[in-house]
Amino acid sequence: MGSEKDSESPRSTSLHAAAPDPKCRSGGRRRRLTFHSVFSASARGRRARTKPQAEPPPPAAPPPPPPPAPAPVEAQAPPVEALPSEPAAEAEAEAVAAGPEEDEAAEGGGAEEVECPLCLVRLPPERAPRLLSCPHRSCRDCLRHYLRLEISESRVPISCPECSERLNPHDIRLLLADPPLMHKYEEFMLRRYLASDPDCRWCPAPDCGYAVIAYGCASCPKLTCEREGCQTEFCYHCKQIWHPNQTCDMARQQRAQTLRVRTKHTSGLSYGQESGPADDIKPCPRCSAYIIKMNDGSCNHMTCAVCGCEFCWLCMKEISDLHYLSPSGCTFWGKKPWSRKKKILWQLGTLIGAPVGISLIAGIAIPAMVIGIPVYVGRKIHSRYEGRKTSKHKRNLAITGGVTLSVIASPVIAAVSVGIGVPIMLAYVYGVVPISLCRGGGCGVSTANGKGVKIEFDEDDGPITVADAWRALKNPSIGESSIEGLTSVLSTSGSPTDGLSVMQGPYSETASFAALSGGTLSGGILSSGKGKYSRLEVQADVQKEIFPKDTASLGAISDSASTRAMAGSIISSYNPQDRECNNMEIQVDIEAKPSHYQLVSGSSTEDSLHVHAQVAEKEEEGNGAGGGSGGSEDDPPYKHQSCEQKDCLASKAWDISLAQPESIRSDLESSDTQSDDVPDITSDECGSPRSHAAACPSTPQVHGAPSPSAHKNLAAPAEGQTVLKSEEYEVE
C-alpha cells in the first residue's frame, strides 16, 4: 500500500524519472558553491594569466558510465564535489610553496655580484667580506689598502669607508694578516686612550715609550720611569727631565737657551711667527706629539691625530668653536695673531662703539620683526593651502586668522628678543672682551709705579727710533720672557776722557748703544738693526795711555735705572805705582736731564772725532799752562788739586746725569718717567770735568774728545749709519 502510493506520488516520479527535462541545461548534476572554491578559482585564474601557458594536457579518458542503480542525491553529492576541489587545493599549495623559492632565486640571481664603493668594480660576494660593525661591503684588496694607510697615518680608531661606524679590531686583524702592522695599530690605540687620561705622563727619554699614570702627584711632581733599564726622573707638571732647585719656567728657559740655533738673523728656538722655516713644527698642547704645518696662512684650527685635541696653531691652546670670534687676536686664517696695538684698538673701538652699534641693531630689528613675522606667516599659510582642493573662503579665513595672530604676537616677540639680546651683547662687550684680553696678556694696561694706568702699545714691526732707545734706557727690564732677546741691557763704565764712538753690536738684530766716558756716562749710539727686538749697551774702557785697561759692565736690574756690577779696580788704573787690580762693588744712579743731541752721518764720524781730539789737546795744553807746575807727568790729567787720587775715586759716589734729546720730550711727557725725588750725590772735594758753563773755573773743559788709545779701540761705523753726537754733558 505504501509502496504504491509512493510510486504514484508526483514527487517520487520527478526524482526517479529517467527522461531528462528539456528545460534543464545540465544533465541533472548540481554543484554546491563555497568560499574556498570561489577564491581558489580566482587565484588559479591570476596565476594562469601571469605564468606562461604550458602545453595542453592530453585529453582525459571519458568517464565511465554511471551505475544502473542511481544513488540518492544527498549521498552522492559530497564525492562529486570533492573530486574537482582536491586537485585544486594541491595545486594551490604547490604554487604557494614554489613562489618564495622562485622569488629568492630571482633575487639571488640579481645579487650575485657586489659593487665595491672604493674601486667601483663589481665582484663576487666571496671577495667582499662582511663586517661586524656595519652592513657595508667592500672588496678585500681595497679594505686592506685602506687599513694600511690609516694605520701608517696614525688615524685611529678606524671607521668604515662608507659610514662613521668604527671597525672591529677582529675584522682588522683578519683583513690585515700582518702582525707588525697590527702591533702598531694596537700601540696607537693605547696611546690614544692614555692621552685622554689627564694624569698620564710619558717618559721623556728618547728611546723609551713607557707611560706613568700618576694620580695625585701634583704636590710631589718628581716621577720615575719604571721601565727596566730606564729609571729616568722627570717632572709631573712640565713633563720634562727633572729640574732640581728650579721652577718649570726657569728650566724651560734654560733648555731654550741650550737648544737655540744661531742663524743669520739669530732667530732663537721659539714659537714666534716670524722665525722658523716655512714648515713649522709645534707640539700638541695635550699629548706633546709633534705636528708639522705649512706656514702659508692656511686654516689654524688643528686637530691632533694622536689624542684628538683641537687647538689653535697660533696661540697653541685648546679651543672651542667660539675661539676665533673672541678678542684673543687669533684668526681662522693667517700666519700670525693680531698685535697688541690692534687688540687694544679693537677693544677700545668695541667699548666706545658698542652702545651705538647695539642701539642701531635694536632699532632695525624691532620694525623688521613686527612687519616681517606677519608677512612670513601669511606666505607660509598660503603656500600650504595652495596645492589642496579647499574652498577659497576657507583658505582666506585661515590666512586672515594667522596674520592677525602674528600681528598680535610679533611685538611681544620683538620686545623679548631685544630685552634678552641687548643685555647679552652688553655683557659680552664690557665683560668677556676685557677679561679675555687681560687674561691673555693682550690688553697692555698696567700700573706705572703708582702713578696711574699706562697703556703699552706693541711697536715690534716698526724701526727702532730715538724715542724707543730713550725708553729702553730709562726703563730697562729683565724678565723671564727674555729668551729671544727681550731684555734691554744697560752697561756703563768710565774712562779718563770723554768721547763718542760707533760700535756695531755682535748680533744683527740688536741695536747697540756704546759710549766711552771719563767717570761719567757721556753718550749713546743708536745703531738700528733689522731685528724685532733691541738691546741697549753702554760700554766704556778705563785705561791709561801706557797701561792695560779695565772694563766694567753694569747690567740693569731695576726700573729706576740703578745698576750694580763688579768691576776692576779703577784706582789701580790711575796709580802708576800700584798696578794690581782690586775688585770693588760700585753703584751708579743714572738720572735724565735735558741737553742737546745732533745727528751726523756715519761717514763723517771719524772726522768729527779727530776734530774733537784736536780741540781737547789744545784745551789741555792751555789748562796745563795756567794751572801751575804742581802736577807731574804721571798724574791723571783731571786730578783735582785739593784731594788725593784714591780718595777721589774710591770713597766718593758719582752722580751721572744723562742728557735727554729735545726731539722726544713731547713723546716722553705722555709716558712713565723716572722719579724726581732721588737725591743727587755730589762731590765737593773731588774734581770732575765740567763744561764752559760749570761753576769751577779750574776744572778742564771737555767736549767729548776721546784719547788716542781709546780711539783706536773704537769700531768704525758702517756707511750711512746715523750716529748721535753729544754736544754737552753736565756732571755734578
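Backbone N, Cα and C define each Cβ position, glycine as well.
It should be emphasised that the depicted structure is a prediction, and the values quoted were computed from it without experimental measurement.
There are 18 other CB atoms within 10 A of the CB of His323 (Zn(2+) 5 binding site), with all protein chains counted. Taken from Swiss-Prot, the feature Zn(2+) 5 binding site applies to Cys312, Cys315, His323, Cys330.
What Swiss-Prot records for 100-109 (among others) is compositional bias 'Acidic residues'.
The annotation compositional bias 'Acidic residues' is assigned in Swiss-Prot to 674-683 (among others).
Sequence annotations record features per position, and here Swiss-Prot assigns region 'Disordered' to 1-109 (among others).
Among the features that Swiss-Prot reports, region 'TRIAD supradomain' is placed at 112-334.
According to Swiss-Prot, the region 'Disordered' annotation covers 598-644 (among others).
The region 'Disordered' annotation in Swiss-Prot covers 660-732 (among others).
Here Swiss-Prot flags 351-371 (among others) as transmembrane segment.
The annotation transmembrane segment is assigned in Swiss-Prot to 412-432 (among others) on the grounds of sequence analysis.
The zinc finger annotation in Swiss-Prot covers 116-165 (among others).
Taken from Swiss-Prot, the feature zinc finger covers 183-248 (among others), and the record attributes it to sequence analysis.
What Swiss-Prot lists as zinc finger is 284-315 (among others), and the listing cites sequence analysis.
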Restricting to the zinc finger (183-248), report the mean pLDDT as a whole number.
-> 86
Counting other CB atoms within 10 A of each CB, which of the binding-site residues Cys312, Cys315, Cys330 comes out lowest?
-> Cys315
Helix, strand or coil at His323 (Zn(2+) 5 binding site) [DSSP, three-state] = helix
